[in-house]
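What follows is a short report on a single structure.
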């Protein structure tokens with residue numbers, strides 16, 4: 001029986017120096033303890049703060065209408081921009097080379113710019129040029145090298161002439177693209193940006209004050225092909241030499257806020273201009289480093305201006321609702337006035353600031369150094385140099401560890417430093433092991449969900465991520481803290497419970513501090529993410545020390561929680577950014593990667609990032625069973641919903657105006673194979689179906705029923721034909737393909753290649769003179785025969801590194817035509833290891849792809865497309881593959 005008083009009590013509790021009489025032995029509980037319900041309350045606080053940050057991430061200003069012009073004559077008017085967007089949207093999909101892109105869109109832009117010119121202020125001068133340009137370059141994307149060749153793509157270019165034009169023709173460039181991918185109106189990607197630029201041009205042209213420097217507005221018509229029209233401008237247009245900085249407007253989603261996600265390189269004055277001018281900041285240097293790492297399968301014209309033009313600039317993109325990106329749902333229906341208003345306010349203010357600043361006249365003077373930049377919930381914007389960031393990170397990390405230790409040591413009169421260090425290391429170890437264990441647990445959950453066929457259950461119901469991954473991660477981290485306390489915590493510590501928990505929190509400081517310094521000293525700027533988290537803890541521990549609250553009952557806890565609210569706002573902001581960005585991407589990364597592992601890893605990190613300074617507080621709870629039970633219950637409910645109910649079905653249609661579709665490309669293909677003498681060897685036809693996400697195979701099999709699809713690498717053609725004669729429209733889309741034999745499509749025109757002349761240059765070298773006929777989007781794969789090597793060609797000054805597929809090597813060429821082009825002469829210089837060799841030198845595969853070809857679809861193709869579920873988005877195309885040997 002427990003004895004509350006007397007000698008037996010002393011025997012059961014060895015006499016130690018207790019700093020605070022905080023143990024009420026009649027209840028065996030510390031006075032520092034708090035109700036067990038506060039464990040559940042902590043989860044509630046996290047969810048509330050997370051919902052607040054979700055609101056701030058999506059909150060937009062009201063859109064101005066034409067009626068506001070009388071009160072805001074120099075403001076961006078969203079209604080005017082929306083009307084421009086409506087026209088571009090209603091043209092429908094606008095792939096490069098189609099009538100909608102090359103005629104309708106170009107005519108609209110020219111007409112609208114003409115209206116702007118007529119209504120401009122008499123002090124302003126507009127110069128308009130329509131550029132039709134051909135060229136090319138070798139591009140490397142996703143570790144694959146290819147020749148990117150374009151013919152007669154179009155740009156509409158407008159210059160708003162500045163005051164300095166007569167003395168220094170330095171200019172700011174604004175860029176958007178009006179083309180879209182097939183199957184998508186491209187309202188956000190990127191017609192909305194073009195509508196914003198038209199309104200910016202409209203506003204600036206009507207002001208009486210002439211800008212200091214000229215502003216060039218580039219409306220480019222071939223970005224999706226990829227990045228061709230911008231390359232044509234920066235390498236061929238006479239105004240390109242005047243550009244000293246640029247603003248690129250893009251989209252990787254549909255609607256929402258535009259994020260500044262790339263800047264520079266270097267040229268910190270651009271970030272300083274953004275900080276001064278932009279009324280609605282939304283920018284993260286971390287997004288820049290993540291994007292440039294290549295983990296996001298996308299690219300923008302920023303790359304061309306930066307790498308080819310050697311021009312500094314800023315890259316903006318809408319990233320919300322990536323489900324609608326490149327689908328039929330990227331339409332004006334999902335872009336309300338506030339989206340255009342926010343983007344327009346920011347770009348107009350930034351354009352004015354740069355075009356009238358000192359830096360544009362001498363950009364190289366301001367070119368040194370990188371900037372760390374970020375916003376806090378859109379409320380304010382912070383920027384400083386990377387060198388300053390190094391000092392800030394180092395100072396915050398060191399102070400966050402030293403101040404709490406000295407504070408705790410002072411509260412114990414300096415007599416228990418060893419115990420404080422021991423508890424700090426226990427806190428560090430528990431955080432470290434908890435991070436690893438929760439990562440392993442979420443990895444295992446991801447594997448099991450995938451194994452039972454429930455992959456991507458959270459795709460359209462992202463709140464499931466909280467239960468399926470975040471709760472198990474938090475549960476694991478709590479259990480690890482409890483185990484570490486049992487294994488490494490002192491049973492007879494003289495420290496009060498309050499001091500013990502604060503020492504454990506200092507261990508969390510040590511954990512994040514080591515990560516912050518590790519990232520900082522490897523040269524990455526994204527260490528600020530963790531620095532801000534540590535800074536919140538530093539502020540609370542400093543105030544606790546200054547006020548002498550270390551050993552008080554609950555007062556220190558209140559102060560800690562107040563600053564943790566700020567830390568939660570910071571950390572949950574990144575949770576929403578990460579999930580909004582990466583969850584939709586899992587729908588288009590192919591089937592070879594388990595998306596649950598990706599999302600589980602992100603959820604584990606986000607949970608640790610958000611809750612690491614809350615988890616040690618569980619030792620304050622009188623009982624931890626309520627918290628553990630709550631986390632277990634939420635996890636089990638979420639797993640049941642994900643695996644056994646329709647809630648876990650990944651996709652949804654537009655019924656609730658929140659589509660989350662599965663993506664499909666289906667290509668009706670005819671293939672003709674010719675021998676060395678030009679005779680036809682054989683012809684076949686069928687349908688190519690691409691597997692773009694983890695669950696696509698089930699859908700593809702359902703579409704094909706009762707027929708059976710065959711993996712492309714298993715068809716007979718793979719044994720003898722170059723690259724299996726797959727109708728690649730892009731070598732960067734080497735996802736798993738399936739082949740379904742069928743009747744031939746209707747292909748009225750296709751790109752053909754013929755040999756005009758074969759010339760012997762030397763004993764080993766031969767020159768093939770080829771003629772390419774046809775003005776359509778196509779691809780060429782040039783595969784040298786055994787013993788042959790492609791040494792030179794007339795397409796470009798350099799030859800891309802051969803790519804490998806199906807055990808073969810070949811050079812890939814993406815060839816795009818905008819306005820109809822004449823036949824193209826191509827020469828290939830091939831070296832053979834044998835002298836005066838007279839046999840075949842190369843295999844050449846030509847794929848012509850017809851997008852937006854609906855009127856030519858055969859009844860068989862239409863019946864196949866009709867089987868595609870309503871919650872899926874399909875991009876149909878018709879392709880002709882011609883295989884030659886020369």
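Going from the start of the chain as shown, residues are counted 1 onward.
Cβ coordinates are placed from backbone N, Cα and C, and glycine is handled just like the others.
Copied over from TrEMBL, here are the features:
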TRANSMEM  36-55  transmembrane segment
DOMAIN    155-350  domain 'Peptidase M28'
TRANSMEM  390-408  transmembrane segment
DOMAIN    427-641  domain 'Endoplasmic reticulum metallopeptidase 1/1-A TM'
TRANSMEM  428-449  transmembrane segment
TRANSMEM  464-484  transmembrane segment
TRANSMEM  505-522  transmembrane segment
TRANSMEM  528-549  transmembrane segment
TRANSMEM  556-577  transmembrane segment
TRANSMEM  597-620  transmembrane segment
TRANSMEM  627-649  transmembrane segment
DOMAIN    659-884  domain 'Endoplasmic reticulum metallopeptidase 1-like C-terminal'
Contact between the transmembrane segment (36-55) and the transmembrane segment (505-522) (3 or more Cβ pairs under 8 Å, separation 6+): no
Top partner of the transmembrane segment (505-522) among 390-408, 528-549, 597-620 - counted as Cβ pairs under 8 Å: 390-408
Candidate ranges 390-408, 464-484, 597-620 - greatest C-beta contact count to the transmembrane segment (528-549) (under 8 angstroms): 390-408
Mean of pLDDT values spanning the domain 'Peptidase M28' (155-350): 95
Beyond the flanks of the transmembrane segment (597-620) by at least 6 residues, Cβ under 8 Å: 32-34, 38-39, 42, 46, 50, 427, 430-431, 434-435, 438-439, 442-443, 445-447, 458, 465, 468-470, 473-474, 477-478, 481-482, 485, 497, 500-501, 504-505, 507-508, 511-512, 533, 536-537, 557, 560, 564, 567-568, 571-572, 574-575, 578-579, 582-583, 586, 627
